[in-house]
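Some notes on the structure that comes next.
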Amino acid sequence: MAAAAPAVDGVPGRGPPGEVIHLNVGGKRFSTSRQTLTWIPDSFFSSLLSGRISTLKDETGAIFIDRDPTVFAPILNFLRTKELDPRGVHGSSLLHEAQFYGLTPLVRRLQLLEELDRSSCGNVLFTGYLPPPVFPVKRRNRHSLVGPQQAGGRPAPVRRSNTMPPNLGNAGLLGRMLDEKSPPSPSGLPEEPGMVRLVCGHHNWIAVAYTQFLVCYRLKEASGWQLVFSSPRLDWPIERLALTARVLGGALGEHDKMVAVATGSEILLWALQPEGGGSEIGVFHLGVPVEALFFVGNQLIATSHTGRIGVWNAVTKHWQVQEVQPITSYDAAGSFLLLGCNNGSIYYVDVQKFPLRMKDNDLLVSELYRDPAEDGVTALSVYLTPKTSDSGNWIEIAYGTSSGGVRVIVQHPETVGSGPQLFQTFTVHRSPVTKIMLSEKHLISVCADSNHVRTWSVTRFRGMISTQPGSTPLASFKILALESADGHGGCSAGNDIGPYGERDDQQVFIQKVVPSASQLFVRLSSTGQRVCSVRSVDGSPTTAFTVLECEGSRRLGSRPRRYLLTGQANGSLAMWDLTTAMDGLGQAPAGGLTEEELMEQLEQCDLAPLASSRGSLPSPSPRTSLTSLHSAFSNTSLSSRRGSPSPPQAEARRRGGGSFVERCQELVRSGPEPRRPPTPAPRPSSGLGAPLVPPKTKLNETSF
């Protein structure tokens, strides 16, 4: 073997193609030839061996490269054979290393492999995309208004549109937002003005809150989702969002559909018009930071952990504030509102009735139950059984405590005077219970230990919870969801894991593992089984999500649909069909090529033209080279000989005459045409003459 060219300042000089190069990659030794490492131009290895990159050698003289040797092994195998064998290495890790080494053919092949499951049009569950709306003008009047009394009686200006707003890109929403920086949030964390902070839905309506304004969409059967309301720009970031889109009976007129937002201790309420537009109802003050904002029927409820609750009645147009014990949880069912407090008490409010005492104008708030251990009630769930008689519903309440306990209490309509009775107790959590859900078939609890979930199967008799055989343990799993420390992952209220869904149907958790993730995992709340996973179609991080139970079409045979709504960091909104995902649960996925099958197909072609380095390519297998898309000689042979009869010499060599190289040359010249039968040719002479001499055309090494 020829000696290598002398090195200059410790850098390997140019040597013969057959020179053996010793590498130390992350402590593991590899040996290969210079030709193998340098056949791709402008790569890390060609720069390294040409002296353009300084080298560091170990004690044995091998060139040291501080990279992962496990990932380097399939990369070196690709350089040797042009065939990719991942050898158990994850595709993203392999792509990252291929990009580091500058191996363009391998990078393109791996990028194509990644496109198997990625599409700008989403997958079969993707059902809609709403671009960012136009940034509204600033609200002119910021004086606090109570009830229907507005300044001058004029409603706030709103955007009226029945068509989809254009996506203006940098000239629209984001560009105008960057010109006018949004103020910092009350927590002092930086804000991303263009990202979706909160999403909520009710029936066929969606409300989307950005940093300083909100928009509402309505689903129409013929035209799809239409923008019907855009609020003025507010002074402070929106922290809470609530929407009610239908009140049974429709007796409230324009207040049948309302949307509300909270910023700090201030609450803004608008009435929505079905055909577009809206008017400001008023601005209300709770006096303390609003930590929960929701509708119970036509009543707007705002609560704070300090123990203050505010109620706005759509009929009386009255805003009332009441002090109770510090509130740690709440839930509503029908017209009942339950408040869990840190002293172990559960308070009850019937918001459907006139909620005021005539003598002192206080809310009718009464204590329903007190925890036996007086632990704080940190989670609440109310389940109303179907009416089995004229006496009313059987009320079942599950609650979690600050000590990790889970209790179920029940109250029969005939025993209202005696209060609820303790039914079951579970002590399976060692951290405070943060979420609890009692549904028709399951009891689900989540604690503060990385969202640890425990589930039980609930036995019922005639719709009522039964002790025979009683609740039985079902599953234990975790819904890991990390929160952002700098506020860039979205509003915490917009990333609630759930569970979502009706209490008489399968419910799901939505899992976003890291704050900047663009992929969400949908899992059954009862067992933790994965239903599906969705990835943002534009690659932007998901900053808010929710699940919407949408009314079915009026067409015969239609049924309600369940959608996953995802708000993105760039301001767009995507919709995913969870009904289809639930219907396909448990079915084996049927699709096209697997990753292995695709890689096998890609081995037959070059995805990157490398005409300048054809003469220095290593020798791949005959199958790979003969089907190469970039073999210039093969292409010209096909075009020049298409339709021409095969010469007798070619037929003779196909029958076994000549050397291996000669047969390969003849195959390339004739071109592979598997669909065309070979043209008959006379059998060559069987005499012992001199071997037939092939034409003078030369082939490069890739051709065989």
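Numbering starts at 1 and runs along the chain as displayed.
Placed from the backbone N, Cα and C atoms, the Cβ positions cover glycine too.
Owing to the predicted nature of the structure, the values given are computational and were not obtained by experimental measurement.
Under the heading N-acetylalanine, Swiss-Prot lists ALA2.
The domain 'BTB' annotation in Swiss-Prot covers 19-88.
Look at Swiss-Prot and you will find 145-165 (among others) tagged as region 'Disordered'.
Per Swiss-Prot, phosphothreonine is recorded for THR163.
Residues annotated as repeat 'WD 1' in Swiss-Prot: 233-280.
Residues or ranges marked as repeat 'WD 2' by Swiss-Prot: 283-322.
What Swiss-Prot records for 324-359 is repeat 'WD 3'. The residues of the repeat 'WD 3' (324-359), classed with DSSP into helix (H, G, I), strand (E, B) and coil, number 0 helix, 20 strand, 16 coil.
Annotation source Swiss-Prot lists repeat 'WD 4' at 428-466. Looking just at the repeat 'WD 4' (428-466), the mean pLDDT is 92.
Here the repeat 'WD 5' (548-586) has Cβ contacts under 8 Å with residues 122, 124-133, 167, 173-174, 192, 194-199, 201-204, 206, 208, 210, 219, 221, 225, 490, 494, 501-502, 506, 508, 510, 520, 522, 524, 529, 531-532, 534, 536-538, 540-542 of the same chain, all six or more residues outside its ends. Annotation comment: Swiss-Prot describes 548-586 as repeat 'WD 5'.
Here Swiss-Prot flags 611-704 (among others) as region 'Disordered'.
Annotated compositional bias 'Low complexity' per Swiss-Prot: 611-644, in sequence order.
Under the heading motif 'PXXXPR', Swiss-Prot lists 618-623 (among others), citing a curator's inference as support.
Annotation comment: Swiss-Prot describes 678-683 (among others) as motif 'PXXXPR'.
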- Message: Which sequence-distant residues neighbour the repeat 'WD 3' (324-359)? Criterion: at least 6 residues beyond either end, Cβ under 8 Å.
- Response: 292, 294, 296-297, 299, 301, 303-309, 311, 313, 316, 365-371, 373-384, 393, 395, 397, 399-402
- Residue numbers, six or more beyond the limits of the repeat 'WD 4' (428-466), whose CB comes under 8 Å of its CB atoms: 376, 378-383, 385-386, 388, 394, 396-406, 408, 410, 472-481, 497-499, 503-504, 507, 509, 525-528
- Task: List the helix, strand and coil residue totals of the repeat 'WD 2' (283-322) as derived from DSSP.
- Result: 0 helix, 24 strand, 16 coil
- How do the residues of the repeat 'WD 1' (233-280) split into helix, strand and coil according to DSSP? 4 helix, 22 strand, 22 coil
